[in-house]
Amino acid sequence: MQTPDTSVCLPSGGRVLFTFPDVLFITDFIFGGLVWILVASTTVLFVDTQGWVMFVSIFCFVITSILIVLYIMGAHGGQSSWIILDTSYQCIAALLYLSAAVAQAIATRRSAAASGVHYKAYQENIAAVVFAYLATLSYVIHAVGSLMRWKKAS
């Protein structure tokens, strides 16, 4: 039985920041962090909806940070199970961020109808929606790249 050559597929060290799809960790990190900051800095009117957005953004931010550090350290050791882990995480994160982006859009629309909402808070909510969708796009592209890497390795 032939084993796949995963050393080519899983970069470590500084190569993580320059290979596709792992370079997308940077955009995942930036857009996710911006969603977290923007939602946290605005007035939260809809606790359940915006609480979900905060959960998703913090969860994905932490897991992405852990994965990028582990990849840079080379903790994967060339094992094919890390390709499955990465692919699974990217697909789950893309779905979570899609749900969070929709939830933030709903909260933003509902806050526009609420009386007493300042224009600055409304603008922050709009920015959070935009960055949530950008984070979703980044995770989707990362997931597709990870799926292509998984197929190449198997």
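Cβ coordinates come from backbone N, Cα and C, glycine included.
Under the heading domain 'MARVEL', TrEMBL lists 16-151. Summarised by DSSP class, the composition of the domain 'MARVEL' (16-151) is 113 helix, 0 strand, 23 coil.
The transmembrane segment annotation in TrEMBL covers 23-46 (among others). Outside the transmembrane segment (23-46) by six or more residues, the chain places 16-17, 53-54, 57-58, 60-61, 64-65, 67-68, 71, 93, 97, 100, 104, 107, 110-111, 114, 117-118, 121, 124-125, 127-128, 131-132, 134-135, 138-139, 141-142, 145 with a CB less than 8 A from a CB of the stretch.
Per TrEMBL, transmembrane segment is recorded for 52-72 (among others).
Look at TrEMBL and you will find 84-106 (among others) tagged as transmembrane segment. If one looks beyond the transmembrane segment (84-106) by at least 6 residues along the same chain, the residues whose Cβ comes under 8 Å of a Cβ in the stretch are 21, 28, 32, 35, 39, 49-50, 52-53, 56-57, 59-60, 63-64, 67, 125, 128-129, 132-133, 135-136, 139-140, 142-143, 146-147, 149-150.
As annotated by TrEMBL, transmembrane segment applies to 126-148 (among others). Outside the transmembrane segment (126-148) by six or more residues, the chain places 20-21, 24-25, 27-28, 31-32, 34-35, 38-39, 42, 53, 57, 60, 83, 86-87, 90-91, 93-94, 97-98, 100-101, 104-105, 108 with a CB less than 8 A from a CB of the stretch.
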